[in-house]
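See structure below.
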Ligand code: HDD
Ligand code: HEM
Ligand code: HEM
């Protein structure tokens, strides 16, 4: 109860955004996946294929609807929290943050929300093309919303295009503000993160259906799609991450020092595989290192120099969390690459037949269902905690803009949010499991397929 | 107020935009919160129809809240800080209500059947919680966050009246969107919700001048009173017409849309009356729009965005209502 208000406000904001990002990280990519399923369904020549893709579309539309709803309600909360938790922030950088946030609402949220109804429930009421158009606009809206919010977030990491008059920020160039130095990297990295998160969700849930013996040929198609997606995106994400890191080194060297656990400026810095950074003693314990590798990766030169944390007295982030979250993210990235490549190779060797896939491999897939969440959250923690103690890197300290709401109120509301969020998260995972296990019983009711294919037919259980 | 420069005009434009967003929010989320609350009196089958009647719209409805609060935050950061720290706890509870109902809305048909009743209860409870909190917030806001024994009573009364107004709006929405036994029930619900809503409205209109001297002067000085008296008179006529219509057979078919339309008019008029009372304050007697506004430069940037996107938003919202026009049929992802 005696924690200070700044600390509580941080925890509350972090708890909310952590809960929120779980859902966008799925819905940003899943909208496009739905569009893909729908196109496959429309294009498919033989009846079985057509039905498979239709089933995939139906099941994943439900997942999308649920995910989207949770994204919306947690997002509405975020929009209040911005002002309640960091009132000083808006007072000082409102001139820059305000327009970015407004454009997000005007160009993204309304677009998603306006067409969501038609996308989810409009099939019987509009033509196929209009429906595809609505689906496209919803998917596009989620991308736009990532665009604007990441523009703001990146601006907070690498501010540009502003001027300061009497402590107030004013916009000088909107192009420089939006396309600030870290924005392109962050946008690409986040969109790929979403693609991977979604791919592993497709893989994991379809594998679960196979394991439970409730799968149809539809699940196999989805699983294959997920594996191919993941196998393509995982390496791309590594490359994007590498570029992102180089960019960070240029603009936020103290963050890189924390990520790599480098205290003293070093030439030929080693890559630490394991260590326990000790903020108090300003050193690492139990180091396990690959010599010179960090310099090689970040400077492309084994003798390259990396700045250490000691060069940034009282202006560098807490090291332990940044260091470990970075390892969790990269570790998950490597694991996702290995799993998707291995899975695809195995599947090819099995003659593209999942019936021959060994069960332990299916269990591995199922175990990776939420791998993307872990990596995404770890990545955001690196970025956000790595920016501390500043809220706008190098310019405004977080503690200067915190709320004046009494800490007891913050503690109370924090407790309420945490309870609600944990319950909803459990329910979400539980319902995904339930929906995947019963998908086909429910889908027995599916009957007509869109007339644009030139034929209508019954799709009862016999196709399963 | 002879000649106002564009920079001085900007805060006024923005308070207008914010007000309109909040009005659209109150009307649109009002009917779907109302439908949510009324579900506690419906059978399980009726509940499905009721949810189906709001299903395609609720997300877009809530987006107006995001826009309204966003504009408050962006255009009047000082007022935002003041208002939301005064209303910190009710805001949180309202958000919890909105979270619960938004989530329950989707879970109820996707979770196993035996849990459906639980999610329905959460949906109803969430709708009630959000509405009551909004009523309380409205009450605190229009009384200028005053202290003293009478203020909490006033806010408490509004906290009960606003949900009734929502219930009435929701019930007339159902009169429009359903038929058969559910429509009959909706007519009954409308009759029940009508008196408390009217009472609430009278309470707000008499209490606001009583609480704030500024408001009293504005309404009861001589030339003005003649002009503005048209607001309460039209409101009264609209409300009476609604009540009469509920007894007439026409409300079951040709005129089923009229009570809802008239109530929207009532909300619009009340909003105009309230704006007239409060102008030019953002927070009554404390902060004027000019004191609270942020820099004209960033407001202009936002205004460009608003001018370009708002017509488009209105157009596709209209499109969506057209697609789902007529009586509600079962919702499915087909
Ligand atoms: C990279 C992606 C991303 C990030 C970092 C954030 N969001 Fe978000 N947000 C989305 C991506 C997204 C989305 C994909 O567009 C959502 C999720 C599901 C949905 O409905 O839209 C969304 C929904 C969403 C909504 C509901 C919109 C509606 O009514 O349709 C609000 C108000 C916010 N968000 C606000 C925020 C705030 C204030 C954030 C940061 C502080 C934030 N979001 C971070
Ligand atoms: C969506 C993924 C995100 C996650 C998981 C995330 C996570 C976090 C965490 C953990 C903190 C607390 C850091 C600390 O003090 O220890 C934080 C702080 C903060 N973040 Fe983010 N964040 C995300 C996105 C964003 C975005 C998009 C913005 C802005 C547009 C943003 C703005 C802030 C602000 C204002 C703070 C408060 C100041 C602070 O404590 O650092 N965050 N976030
Ligand atoms: C495997 C190689 C990877 C590398 C080298 C890498 C590199 C990075 C770096 C350097 C940052 C911090 C940037 C900064 O704040 O300055 C970051 C952030 C982030 N990472 Fe990764 N990453 C990798 C894999 C992944 C994976 C697999 C995911 C998720 C599926 C992911 C999701 C994120 C997210 C969401 C952020 C925060 C947003 C951002 O700053 O882009 N990363 N990554």
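Just so it is clear, glycine is given a Cβ too, placed from its N, Cα and C backbone atoms.
Any TrEMBL annotation is an automated prediction that lacks curation.
Database features, via TrEMBL:
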TRANSMEM  A:17-38  transmembrane segment
TRANSMEM  A:59-80  transmembrane segment
TRANSMEM  A:100-122  transmembrane segment
TRANSMEM  A:129-151  transmembrane segment
TRANSMEM  A:187-210  transmembrane segment
TRANSMEM  A:222-240  transmembrane segment
TRANSMEM  A:319-341  transmembrane segment
TRANSMEM  A:361-382  transmembrane segment
TRANSMEM  A:410-432  transmembrane segment
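Packing against the transmembrane segment (A:59-80) from elsewhere in the chain are residues 16-17, 19-20, 22-24, 26-27, 30-31, 33-34, 37, 101, 109, 112-113, 116, 120, 201-202, 205, 218, 222, 417, 421, 424, 428, 431-432, 435-436, 439, 443: each is 6 or more residues past its ends and has a CB under 8 Å from a CB in it. Below 8 A, the CB atoms of the transmembrane segment (A:17-38) and the transmembrane segment (A:319-341) form no more than two pairs separated by six or more positions in the chain, fewer than 3 in all. Proximity of distant same-chain residues to the transmembrane segment (A:410-432), defined by a Cβ-Cβ separation under 8 Å and at least 6 residues beyond the stretch ends, is recorded for 1, 3, 5, 8-9, 11-12, 15-16, 19, 22, 63, 66-67, 70, 74, 77, 205, 370, 403. Residues of the same chain lying 6 or more positions beyond the ends of the transmembrane segment (A:319-341) and with a Cβ under 8 Å from any Cβ of it are 196, 199-200, 203, 227, 230-231, 234-235, 237-238, 241, 255, 258-261, 272, 275-279, 309, 364-365, 368, 371-372, 374-375, 378-379, 381-382, 385-386. Only residues 6 or more beyond the boundaries of the transmembrane segment (A:187-210), in the same chain, are considered here, and those with a CB under 8 A from a CB of the stretch are 24-26, 28-30, 33, 60, 63, 143, 146-147, 150-151, 154, 219-220, 222-223, 225-227, 229-230, 233-234, 236-237, 240-241, 244, 336, 340, 343, 354, 357, 362-363, 365-373, 375-376, 379, 432-433, 436-437, 439.
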